């Protein structure tokens, strides 16, 4: 009797470990308009050829496993497998290269960012043949984009709702982020909105803690919104964080916000999850609420240069899942952000069509086919002296959000808000008159000081 470990030729396949490149490395493949394309930065273990590494990524993120299985014969692998179709070296990095992988669209559930990420990045990042792996970019085909509803409203609808045009919007995160009572929290909201800001914001970790339950916060913030609107004649908002421990509780909070007739709610989309985020986006679209998105936990995923995912991928995913604002870095504040790279994914959030531009980190041309745009939010570590640079870098379709840069004003919250509004309007006016904000920014702010506390 032959050993049980042997496989007879009549079975139709040979068991054992198989080189991935024999099946999944296809340099002759011409990508289809319907393929999802991915650019991976691969850092492999020594001694493994690049073709095998790239093929391994394609296999383990699609139909492959470590051996041939008999059920391979029951389907069409050529139809469903991912393909590594191109490999290019990374300049200055001997052990790294970019592997381009094409995935057939049939591998993905329609309208599900969750399923897309589960397939592409859910398993392969723990593959021991790779020392590190980073997803640099995705090309989402038009056929897949059209299965998503995207942002609840988008940039133009938001401006129409707020009746605010021709300038960036101004926001402020209430500080201290934790510990205030609901009434004192609402007072700070009122002072900032009354001083000239368009929005105030819950911090990402303000949910419903013992010192301030969510319902109390919502009520006092709504009162602050109504009062400031009545006194200024402008539409105001506060990002009421609806993030919760369950989707049901999250929706309950959003329903209460709608009953209070406030304009906007907020979600922590990475910690909350893409399924929850898409559910909330659908509710906001159906009920006239704007949706502000915070990216809490993003640096766990995107901070390392050779492992994880670049934020441009998370930004694309958010535009598909749904959100009207998302934090996008500042370039000039206290958090990391290279100018050209940051502007690359800012354009991916706002524009309908973006050409491939490797100098800005954009690996693929992306056509959003009129999926609504997302306002990038510049936040953290910024103040009025950054206003000229922020106005020049981000342009009008953005939210400039100052926390300590408002509440840290020596005369108080309202004067801090006035200072921000005066600085912004001075910069916009100077820009419209043809002045160079990069050259004259300091003078513009100094000239504006006489109109501001």
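Quick reminder: no glycine exception, Cβ is built from N, Cα and C everywhere.
Record check: Swiss-Prot places 123, 173, 177, 295, 327 at the substrate site, and the matching candidate among 62, 379, 398 is 379. Neighbours of residue 294 (active site, proton acceptor), defined as other CB atoms within 10 A of its CB across all chains, total 28.
Residue 204 (Mg(2+) binding site) sits 7 Å from residue 294 (active site, proton acceptor), taking the C-alpha atoms as the reference points. Counting other Cβ atoms within 10 Å of each Cβ, the binding-site residues 123, 173, 379 show the lowest value at 123. Cβ-based crowding with a 10 Å cutoff singles out 201 as the top-ranked of the recorded positions 175, 177, 201, 295, 327. The separation of residue 175 (active site, proton acceptor) from residue 295 (substrate binding site), Cα to Cα, is 18 Å. Residue 204 (Mg(2+) binding site) falls outside any helix or strand according to DSSP and counts as coil.
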